[in-house]
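Peer 1: For reference, the structure I am asking about is given below.
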Amino acid sequence: MKSGRFWAWVVFALGAAYFFIPLIATVEFSMRMRRGVYSFDAYEVVLGDPRFQATFGYSVLAAVFTIILGVLIVVPTAYWIRLRLPQLRPVVEFITLLPLVIPAIVIVFGYIRMYGSNSPLPFLASDTGTNALLVIGYATLALPYMYRAVDTGLRTIDVRTLTEAAQILGAGWGTIITRVILPNVLIAVLSGAFLTFAIVLGEFTMASLLNRPAFGPYLQNIGANRAYEPAALAIIAFAITWACMSLIQILSRFAPRSANRPN
Amino acid sequence: MAEPFLSIQHVRKSFGPTTVVQDFNLDVEPGEFVSFLGPSGCGKTTVLRMVAGFEEPSAGKIVVAGKDITRLKPNQRNVGMVFQAYALFPNLTVAQNIGFGLKVAGMPKADADRRVAEMLDLIKLPQMGDRYPYQLSGGQQQRIALARAIAPKPKLLLLDEPLSALDAKVRVSLREEIRSIQKRLGITTIFVTHDQEEALSISDRIAVMYSGKAEQVGTPFEIYNRPATKFVANFVGTLNVLEGTVTDAASGKVRVNTQEVALKGKLNGSKTGDKLSLALRPEAISLGRHPGRDSSLSGEIAEVHFLGSVIRVRVGIGGSTVSLDTFNSPAAPPPAVGEKAEISFSSGDMLVLH
Ligand SMILES: Nc1ncnc2c1ncn2[C@@H]1O[C@H](COP(=O)(O)OP(=O)(O)O)[C@@H](O)[C@H]1O
Ligand SMILES: [Mg+2]
């Protein structure tokens, strides 16, 4: 028993070291911009850079639209598959996995060929169209995570009986989805949204090839040309991620109390 | 007879090649409480779901208050339903659950609140409005499901085995509560169950179902005492079945094992030499000879179970055994296993099953 505990601690320590040492090293390095003393100079430079503010704002906005689009597509689809077409679930699951298998670069080249300015759907002819195409592309990239999260959430409730209970009380599909299904999978949707947010903030390929002023290309640009600032940016990105996770923890307290606690 | 309120006419339902409900007919009067009774898988839920609108009949029609509703969507039918698995909305409070149908119907909030309070009183849970479903027991959840179903004043109330997930004590008290609420509101109700005691105790009429058909529709008294088919006789109540052979069709004599009993007027159409199944309820048999009981058979005591006020005795007669109940009497000890015994009954109580 004793030695079992000992080895458990050893494994834990190794895991923690693997995780924390690079992080600590990055923090340490990011603070050495001023010779001889630790300082937050690198952070000041990064946060004060107008390109940081612009690209970060752009990506956050793109993430918000991506999440909205993802929820609008995934929640009704996953719900309908569970309710009426359970035999199609393996097929849909496979389709949602495709973005993990097909590289983003292939998708984006496809987009450029399909939606060029002389195609019937000229998304790329205007800035707004290109932004929309980027959001659509992001929604595709986030699909595996969003679908899995929502589907797991739906598993915790009896979708069919709750739907029928609402129907017999006079509810139509809109009411059923917004008042019965969505509130009960809210936590799942939030975790899907969080993952989407993280993916969009760090995404490089699509934004770069569609030539959008997003955070990913900015990160790459700084990383290639500066010494201390990339480390500071990495730490900032990490802090944002952690903030998102804490936010979800807090939000889940306000979510329907019994949603994930069936008796 | 009054105009039927609900009329299920020649309804059939097939899923692919398998026919699950065949030529189902039933008329239900206004305010009547009808149970569907039958073994699991006989199609009770399917018929109920067709009345609710969740399944579309493959043939036949369903009429409510003179209006054909066969093709209406569930949310257009104004029917209340209680499911076996409670099916309360977990994200809503008890009051919001009960008020769900009212809100969907667009009732003003003040009226809806009043109706919800009225419903909470009706199910005797006036303090529970702010609780969430997961904080309640199964019995409480099912009462709330009932309140939610009747709050919008539906034309019909459908209950699909609402008690089968509850423990025995709650089951009995809740079924009586359901019946008394139903009577008070006068709401036409269909209650699905596989529990014969449940069906017998609370129904105005019972439809006994077997493999997709209504075998018999009648009052609990008729179903129990005059079962129309062998299936009904066996499924409802305990039944002793003896195999017999007709020895003299003209005078109604039947041989059971080596003994003969006279069943005048019961053999309708049987010929001498035909084999018959004869059935008797335990309470129609007495131990020993009794005045007024015109037939008897002799056998040997096979088992004695002392149950308190009642003693259940099993008597072997030839190859078969019959169960009968006698009341405990402090003056007379129960019979012993192996004793010779005679059972008596009136031939009028004998059911002849074809
Ligand atoms: N959607 C369906 N598809 C195929 N078969 C079904 C479906 N629903 C019910 N059945 C079949 O119909 C039969 C009757 O089911 P059901 O009405 O639920 O019986 P009960 O409620 O009496 O137990 C069962 O054999 C069941 O397997
Ligand atoms: Mg059933």
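Any Cβ shown, glycine's included, is placed from N, Cα and C.
Bear in mind that TrEMBL entries carry predicted annotations, made automatically and left uncurated.
Copying in the features that TrEMBL gives for the protein in this structure:
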DOMAIN    A:52-249  domain 'ABC transmembrane type-1'
TRANSMEM  A:7-25  transmembrane segment
TRANSMEM  A:56-79  transmembrane segment
TRANSMEM  A:91-112  transmembrane segment
TRANSMEM  A:132-150  transmembrane segment
TRANSMEM  A:185-210  transmembrane segment
TRANSMEM  A:230-251  transmembrane segment
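Help me see these features in their spatial surroundings.
Peer 2: Here the transmembrane segment (A:185-210) has long-range neighbours at 59-60, 62-63, 66-67, 70-71, 74-75, 103-105, 107-109, 111-112, 124, 130, 133-134, 137-138, 141-142, 145-150, 152-154, 156-157, 216-217, 219-220, 237, 240-241, 244-245, 248, 251-252, 255-256, 259-260, meaning same-chain residues at least 6 beyond its ends whose C-beta is under 8 angstroms from one of its own.
Below 8 angstroms of C-beta separation, residues 23, 26-27, 29-30, 42-43, 45-47, 52, 187, 190-191, 194, 197-198, 201-202, 219, 222-223 of the same chain, each at least six residues beyond the ends of the transmembrane segment (A:230-251), sit close to that stretch.
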Peer 1: Restricting to the same chain and to residues at least six past its boundaries, which positions have a Cβ under 8 Å from a Cβ of the transmembrane segment (A:56-79)?
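Peer 2: Contacts with the transmembrane segment (A:56-79): 92, 131, 134-136, 138-139, 142-143, 146-147, 150-151, 154, 159, 177, 181-182, 185, 189, 192-193, 196-197, 200-201, 207, 212-216, 218.
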